[in-house]
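Peer 1: Structure incoming, see below.
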Amino acid sequence: MVNYPHKVSSQKRQTSLSQPKNFANRGMSFEKMINATNDYYLSQGLAVIHKKPTPIQIVQVDYPQRSRAKIVEAYFRQASTTDYSGVYNGYYIDFEVKETKQKRAIPMKNFHPHQIQHMEQVLAQQGICFVLLHFSSQQETYLLPAFDLIRFYHQDKRQKSMPLEYIREYGYEIKAGAFPQIPYLNVIKEHLLGGKTR
């Protein structure tokens, strides 16, 4: 090998390619696990669900070189609604993803009024709306229907957090798997759709 064009030896490449990879979920962020799950659902033709981009307004860009443009100042254009949306078996799906290190509750400050309003609007149009909650310290994941989140949100605005007991009572635990990593469509089919599909 001539080591062209970057003078990187092929021996080094072989070493890095032959290193074993660890595919465990440990250390992977919850959102990355959801993205991997959505990619799996898409590849299997089960659902089309994507992360919503956050709209930003670019104010200033540095151009040290044409090929190295760098955004140096940008602002959120508007408050985002929920994290993900898409279609599953003819049903519109819209959901938010939250992760916490707390063991007994999820902070309510994580849910903003515009997100609650958006969820109410989705439910009014017969969409499937929920929140996926991940307690990283216990490695527990729950699907909480938006109806139950909204009810808790409105019942007592002074509550600073939603207790895990409430989530366990009204939500559905999702056991992590390999493919998909967070099989939330199973919960939707069995519990939110009552086993029906279109």
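Using the three backbone atoms N, Cα and C, a Cβ is placed for every residue, glycine included.
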Peer 1: With THR81, ASP83, GLU96 listed by Swiss-Prot as Mg(2+)-binding, which of these, GLN60, GLN65, GLN115, is given for the same site?
Peer 2: GLN115
Peer 1: Quick one: Cα separation, LYS98 (site 'Transition state stabilizer') versus ASP83 (Mg(2+) binding site), in Å?
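Peer 2: Between the Cα atoms of LYS98 (site 'Transition state stabilizer') and ASP83 (Mg(2+) binding site), the distance comes to 9 Å.
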Peer 1: Applying a 10 Å Cβ distance cut-off over all chains shown, what neighbour count does ASP83 (Mg(2+) binding site) have?
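Peer 2: The Cβ of ASP83 (Mg(2+) binding site) has 19 Cβ neighbours within 10 Å.
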Peer 1: Counting other Cβ atoms within 10 Å, pick out the least crowded of the binding-site residues THR81, GLN115.
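Peer 2: The binding-site residues THR81, GLN115 were compared, and THR81 has the fewest Cβ atoms within 10 Å.
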Peer 1: What does DSSP say about ASP83 (Mg(2+) binding site): helix, strand or coil?
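Peer 2: The residue in question, ASP83 (Mg(2+) binding site), is coil (DSSP, three-state).
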